[in-house]
Structures are given as structure tokens and as C-alpha cells.
């Protein structure tokens, strides 16, 4: 019940599609006090319109990104391709792409417009035409992640055992079964080579292309082509064909570090386990953690430093997370649920600590059990 309520903002519309699939009614299990309190909080959120977006926030966000792209182009076109203007342009484009990543995330979660259709159109334009990725690919991966965060074989974000083993349970399982071909006890070291540097430039490009071709998603492919057409039209006369491609890959390389560290600090250090059929509140709190708020932290992470609130209310506009954070903390305190919040640097460091711990657990299980 809670997961369906959380993931859909237009329940009447969604119910029309579910009606033909109905095979029976499932009687809800006994409602615990925690579930009752959380559902009361959900009612508070809806009654106080905390699921309604402030359009000025998103307009300002979008305009700032467009201005960054204009400034980046003007710098390179006016000052030439010396290493200083080249580097400044790359840094500005990286910032614009990172912020576009957070912006498309809002539209993908149906957090901006009342209309699902308008959210989907905006999402397709931003992630496709402005970021060269598939909106349907993102929806497929990300909604699975939110439904079952950090659940083995159900959350695609942790299905990376070909390179990394995460948490405590999977390393033990792989070690005992003598599985895996990577030296996982060194994964906290090779993460700096195979993790942030390659996630966007290589893994995501391959996954996107494979997804749209397999699904024959020609509209998403067309949006991606429009991105590269615009890129070539703007920067081709300045940098040439290969130079433009080099700039693009350099920007993706820089953005990949930004994206990876921000998105993984909220989940990798948390509980990663097989599906135990936990209730919505416990599942989200045990698989996520927050980073302390602040002007820089909020901007740098796209408000994903409020990861707990985002996972509990995935369709909530991000500018409202701080309004509900205190109530979530109070609910956790009342029911003895751990509400984890750390500094930004601690969040980054915990990724490496967690990888090192998991790798050692695999090593011990592989060679000593």
C-alpha cells in the first residue's frame, strides 16, 4: 500500500490502468503503530500541499543552466582553444550537466507538474536533448531502485558484482561460493580507476544504447541524436569533429566523478540485503542516509542530501524536503529507527570504508571458510 501511494501522484489515473489487471483483493496486514503514524504524516504532507512544486524554483534552476551553457560557448568562441579557456569551458559545461542531472531527476519523479504527461515530456527533452540519455531507460532503472533500494537482485544500482561487491551479505555469499573474478579485497583502491572515471563515459553510454536499440525506442534515440547534432553545430567549427568529441568525453569524465560520489554516498554504506519483505518506512530508512543540509550541500547534491525524505516521498519537489525532515526525525526517534545524517566529506569517505570492509569480508569468506 505505502509503496504504491508513494510512487504515484495521480492515483485515479493509474488505477484505470490497473483495473484490467485485477485478479483479487489482498487484505492489508495488521497496521502497526509506526505505519499508522507514517500514513498520518503522509496525510499531513498532502494536506499542506508539500507535493506541490514552486514553479519559480524550477524556472530559476533551468535558466541558470541555460546561462551556463551560453557562457561556456562564448568563452571558447571568443577566447580560443588555449588550455585556460578550454578548461574553464569544460568546468562550466560539467556544472551545467550535473545540474541538469538533478533537474531531470525531478521531472522523472513527476515532482514538478500536476500533469504526468507534462512531466514526461519535460523529462524526455531534458535528459534526451540536453543530456543525451534515454528517459525510458532512466525510468526503468530508477523506479526499480526506489521500490526496492539496496535489495539484492531487485535494485539495479547495486547489481555490479562484476566489479564491486557491496554490503555484508553479498561478499560473504560470493566468498563462500568461490564466486567472482575481481580481487574484491582491493576494490576500495581500484574504485578510483573503475568507478567514477568510467561510470558515465563508458557504462552508461553502453547501457543507454543497448536499451534503446533492444526496445526499439526510436524517439529516445532521436532525442540523443539531437543532442549530438547541437553539440557538433556549436563546437564543431571551433574544435573540429574529434576535438568536439574529446571535449564531450572530458566533460562526461568530470561529471561522472560528481555524479558517482553524490549518488553513492547515500546508499553504499547502508544495509544491503536480500528481500526481507520489510515495510516501506523501515526499508527506506535502513537503505538510505542523509548528508547535513547547507546552501552548498543542497546545490551540489541537487537536494539529494535529503535522501531519506526523498525516498519516503519520491514525488515531493526537492525544495520541500527540509519542511518535512524534522517530522521524519521525530517519527524515527519515537519508534527507535536510526536516522543517519553525516557531513558531506564523511559521506564520501564512508563509500571507501564500506568498499574496503566488504572486500575484506569476501576475502575472508573465500580463503578461510
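Cβ coordinates are placed from backbone N, Cα and C, and glycine is handled just like the others.
Here the domain 'Fatty acid desaturase' (82-341) returns a mean pLDDT of 96 for the predicted model. Under the heading domain 'Fatty acid desaturase', TrEMBL lists 82-341.
Annotated transmembrane segment per TrEMBL: 55-76 (among others), in sequence order.
If you look up TrEMBL, you'll see 83-101 (among others) marked as transmembrane segment. Same-chain residues lying 6 or more positions outside the transmembrane segment (83-101) and placing a CB less than 8 Å from one of its CB atoms are 61, 64-65, 68-69, 71-73, 75-76, 126-127, 130-131, 247, 250-252, 254-255, 258-259, 302.
Per TrEMBL, the feature transmembrane segment maps to 190-213 (among others).
What TrEMBL records for 233-251 (among others) is transmembrane segment.
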